[in-house]
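Please see the structure below; I have some questions.
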Amino acid sequence: QVKPQFESRENKTYGIFKAIVYKTQVVAGINYYIKVQVSDTDYVHLKVFQGLPHMNQGPSLVSFQTGKTRDDPLTSF
């Protein structure tokens, strides 16, 4: 569900879109920080919000950072 949101914002399509690692932050729901491999050498960091179950919403892409490498630390942003 998040890949199309990201591709739409970047106006690109990615053949590779593989989550490598993630962190969570509990808010009024959960923020997920996810490192995603998008090519052999390129990575992006995504911030995805998942509301509480009673909110009845799917995951939503909040923001992202491009130009990352596999070794870049995944931090809150």
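The backbone N, Cα and C atoms fix where each Cβ goes, and this holds for glycine too.
As listed in TrEMBL for this protein:
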COMPBIAS  57-67  compositional bias 'Polar residues'
COMPBIAS  68-77  compositional bias 'Basic and acidic residues'
DOMAIN    2-69  domain 'Cystatin'
REGION    57-77  region 'Disordered'
I need to check the long-range neighbours of the region 'Disordered' (57-77): which residues 6 or more away from its ends have a CB within less than 8 Å of a CB in the stretch?
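Beyond its ends, the region 'Disordered' (57-77) has Cβ neighbours at 1-2, 5-6, 9-10, 20-23, 25, 31-35, 37, 41-51.
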Provide the three-state DSSP residue tally for the region 'Disordered' (57-77): helix first, then strand, then coil.
0 helix, 9 strand, 12 coil
